[in-house]
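Novice: Have a look at this one before I ask anything.
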Amino acid sequence: MGARGAPSRRRQAGRRLRYLPTGSFPFLLLLLLLCIQLGGGQKKKENLLAEKVEQLMEWSSRRSIFRMNGDKFRKFIKAPPRNYSMIVMFTALQPQRQCSVCRQANEEYQILANSWRYSSAFCNKLFFSMVDYDEGTDVFQQLNMNSAPTFMHFPPKGRPKRADTFDLQRIGFAAEQLAKWIADRTDVHIRVFRPPNYSGTIALALLVSLVGGLLYLRRNNLEFIYNKTGWAMVSLCIVFAMTSGQMWNHIRGPPYAHKNPHNGQVSYIHGSSQAQFVAESHIILVLNAAITMGMVLLNEAATSKGDVGKRRIICLVGLGLVVFFFSFLLSIFRSKYHGYPYSDLDFE
């Protein structure tokens, strides 16, 4: 039965082929070649992607952050295919660039990359790289980048969006802040492991030893503990430190200042009310101390019972300190809160 059915099926297939239009054979041949070409192109893409990932994993095995020039940047970051996210720090670490902020940011970036490399969650979906200005000037020009350091996320597909550029000026460059930003952009959560830092412990031990030694040497005369002036000075120092934003600096880790790479101008005051530099805190601390000194002199001139001429001089000096430095402080406030209507002496 099966032997008799086979010839009949072949005859039916032959009849169907005879009824096909004559011009359909070139079309079928073209369609077959197109399918073969598409299959070959897809295989080529897969092989190219595998080679790129293998190369990136090899670099990552040697160091957590690999440096890139223009050619490597275009091949591994800009050119498809990609199935991985790339975090890139654009920086200027050469000594002649004199970018102290770049060195500080690089230390935090290294801590973050090492935390990812040695974590149990490490995989080939996220890599860390660096482009130095002196090694990839063409990359800076291609991206129209005019400041360093800058952190960018390049997603597996498509172009980077605005949120893929880390807001360093507002958030700071602490490794923990970078890890939060990366988790938001890639859904990869990195637990930051910092190397042990014993400087705080050593400083505390030295302070305790110094205080203990002082108390031991003065054990027969401890009246200085009840000195109101000494405790007032200590309290003022704490108040000046806290009102100048030192705690914000400790939490956010902002740069000390910002140097414009084009004209070399250094900014010590941040132009936004949402951020500040470390130098800005030092300036505010000095201004607050000077204003306080002026108020103390005014109080001394009003309450003391000395020579009238001397009291008048003290009063003028105190008034000058308060007016001058408070005007300076107010001008800084106006530069950060644009549109603030009040001012004293104009320093702008």
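Start at 1 and count along the chain as shown; that gives each residue its number.
Note that Cβ sites are derived from N, Cα and C of the backbone, with glycine treated the same way.
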Novice: Are Asn220 and Arg312, as given in Swiss-Prot, on the same side of the membrane?
Specialist: yes
Novice: With reference to Swiss-Prot, specify which of the listed residues Cys102, Cys123 is paired with Cys99 by a disulfide.
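Specialist: Of the listed candidates, Swiss-Prot names Cys102 as the partner.
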Novice: If we skip the immediate neighbours and take only residues 6+ beyond the ends of the topological domain 'Cytoplasmic' (298-312), which ones have a Cβ under 8 Å from one of its Cβ atoms?
Specialist: 318-319, 322
Novice: Return the residue, from the listed disulfide-bonded residues Cys99, Cys102, with the maximum count of other C-beta atoms within 10 angstroms of its C-beta.
Specialist: Cys102
Novice: Report the mean pLDDT of the predicted model across the domain 'Thioredoxin' (59-187), rounded to a whole number.
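Specialist: Taking every residue in the domain 'Thioredoxin' (59-187) and averaging pLDDT yields 90.
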Novice: State the non-local partners of the topological domain 'Lumenal' (243-276) in its own chain: residues 6+ outside its ends, Cβ under 8 Å from one of its Cβ atoms.
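Specialist: That would be 92, 97-101, 104-105, 108, 133, 146-148, 168-174, 177, 282-285, 288, 332, 335-337.
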